Amino acid sequence: MLKPAAIVGQVILYGAFAAFIGYFATSPTYHQIPDDVALIKLSISHLGDRDCRQRTPEELAKMPPNMRAPMDCPRERSDIRLEVDLDGQEVFRTVLHPTGLYKDGVSTVYKRFEVKAGSHQLTVRMDDNLTKPGFDFVKDEQITLAPHQVMVIDFNPDQGGLFFK
Amino acid sequence: MSFHAALRNGTKSVFLRVEEAFDAPFGGQDNPLRHLGAMGLYLLWIVVGSGLYLYTVLDTGIDAVYNSIGYLSQEQWYLGGVLRSLHRYASDGFMLVMLLHLVREWSYGRYYGFRLYSWMTGIPLIWLAYIAGIGGYWIVWDQLAQLSATATTELLDWLPIFSEPSARNFLSSDTISDRFFTVLIFIHLGVPLLLILGLWAHVHRVSQVDYLPTRRVMLATAAALTLLALLRPALSNPPADLATVPGELAFDWFILFIHPLTDLTSPAIVWSLLFGLTALLFALPLLPHAKAQPVAVVDPANCTGCDRCHVDCPYAAISMAPHPDRPGFKLAVVDPDLCASCGICAGSCPSSTPFRRRATLLTGIDMPQLPVNALRQQLEQALEKLSGRTRILVFSCARGAQAMPLASADTAVIELICTGMLPPAFVEYALRCGADGVVVAACRGGGCDFRLGERWTSERLLGDREPHLRHSVPSSRLLVLLGSAHDSGALANTLSEFRTRIETLGVATDRLPPYLRSASHHA
């Protein structure tokens, strides 16, 4: 039979156990980003261009009839150059490499930038064929970000290339 | 002393002090700190039981999942809400208990030798527990789930394992489908199943496993968590919205602490910490540690195949095989890798009785570092030297209360590897060979370093377990004290009181007839 003091002691200790769990299961609260900050997520997954060339009629004639593809495209994909400027300031510069052992996979990037909420001038430039000069895709836009808003920079050739969402 | 040894000893000292303080209200068997493994298993069963109910009522759709869980808390708070809260709080309790269990076992040096297997199989369970816990939060699909899902995938993407960043799955609400939650629930069921399988392996080489704590502990824990569930029910945060970053959130620090840690540092640092800690835990057994003691040795000529050592061994190190020389008989076989060198088997062997006729006492299973023959010789020599009005013999555990300083002209002390190695007949033998009283100083209840030593000792001396102390031995002349290394003062006081009690017996009528081995008819 438990003594009254032992019962009181057990009640206190079980209570402390429950209180400890109850408190740290919800508290202290967590703020991932400050209240006046928004998030820009740069997330692009894209196959770099291939450096194709037109086969000559002589070359095609030497090939079996069923394999006479007019273009000769290597398996490897080009690196992708990507630049992001915010309000005229460089915030990100990178060259993405294709994945895969034969460098024939997609080039990907995922970055998040915390920026002050409000209006900003956002410029994104992407070149998916480094053998040609200049950028193939450029998106320059005035954006307005609300506090805690998430804006995504993505790329989809079917949607005209770079887009903000 | 190395830094690691100093840190370990310091932590052990803290654990010992707190455990012993908890002994006052709880007692050894009900002390949760002494049964953290069983507590963890119990909390896991609460998680599994409450989780099964939640699974049956969960609607796996992007909006439906949030609403169906919200329904439990709002409309069905008396059942579904309580079970949901129990599910969460028991999970948090499991994490807490698991962490304490890990630190306690490390501080007690239980990570090498015969405990290596349990240590190694325990480490992956930590990962499984956190994978299951973090995944469980995603199912609610509230803002906390959103934060966790995004932060976890961003953390995973730092590792070169995905060809495309997995965080792209959480860019916007149109990238998530109902199928996602089906997969998530499948994982949330599968990982805990793996965890249970891993737990089975974790305790596989331990016998007499405490799968559950005592009924009193279970009831009290369930009552405490249920009360918590009623007073502070687990509720969802606002629904997930991938177009915004969640604001201030009620946060579960037991399971999701990794996200603030990543925000505070970087994925590289977090992964380095996680892999580094895991590698460190795996490598701990390689660090310098105490030398292994000689393991139990079976003497086939004296082993009767009675099975008692096999039953009593705390680490399942003994198996029974057909006796090579006696058809129809069995023989104990010791697995050296599993043997803890505690000697509990020698204490359980019926052949270990000191009343046997042979000049050299040979038993069925024995400890090379302290054979029962040496124990009998030590006892006889000690009793011969004793003088004074009341001669008391103390059998003490080397890891329990310090008895050696109590040795004096009228008090002899024999230190044992564990009191579980004491064959009960030695108590009667001591009383019949000149001792007026015998003290057995075992470890505190639930505090035996070899798990079961103090329990088997008490049960054998009380006559509840074979081999038992004969009932003809007067209980007034035997004292069993359960004490830790911090109870040396209590042992001295108890010994003094015991002596006074025996002395007040006067010319006692309960004295056993003397026995002189060399003059007995057996000799």
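Here the Cβ of each residue, glycine as well, is placed from N, Cα and C on the backbone.
According to TrEMBL, the protein has these features:
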DOMAIN    B:1-215  domain 'Cytochrome b/b6 N-terminal region profile'
DOMAIN    B:294-323  domain '4Fe-4S ferredoxin-type'
DOMAIN    B:330-359  domain '4Fe-4S ferredoxin-type'
TRANSMEM  B:39-58  transmembrane segment
TRANSMEM  B:116-140  transmembrane segment
TRANSMEM  B:180-203  transmembrane segment
TRANSMEM  B:215-235  transmembrane segment
TRANSMEM  B:268-287  transmembrane segment
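Counting only same-chain residues 6+ beyond the ends of the transmembrane segment (B:180-203), those with a CB under 8 A from a CB of the stretch are 37, 41, 44, 47-48, 51, 55, 58, 60-62, 65, 118, 121-122, 124-125, 128-129, 131-132, 135-136, 138-139, 141, 169, 209, 211.
Across the range of the domain '4Fe-4S ferredoxin-type' (B:294-323), the DSSP-based residue counts are 5 helix, 7 strand, 18 coil. If one looks beyond the transmembrane segment (B:39-58) by at least 6 residues along the same chain, the residues whose Cβ comes under 8 Å of a Cβ in the stretch are 32, 65, 68-69, 71-72, 79-80, 83-84, 86-87, 90-91, 93-94, 97-98, 101, 139, 185, 189, 192, 195-196, 199, 211-213, 217-218, 221-222, 225. Computed over the domain '4Fe-4S ferredoxin-type' (B:330-359), the whole-number mean pLDDT of the model equals 94. Sequence-distant contacts of the domain '4Fe-4S ferredoxin-type' (B:294-323), counting only residues of its own chain at least 6 positions beyond either end whose CB sits under 8 Å from a CB of the stretch, comprise 114, 205-208, 329-351, 362-369, 420, 450-453, 456, 466-467.
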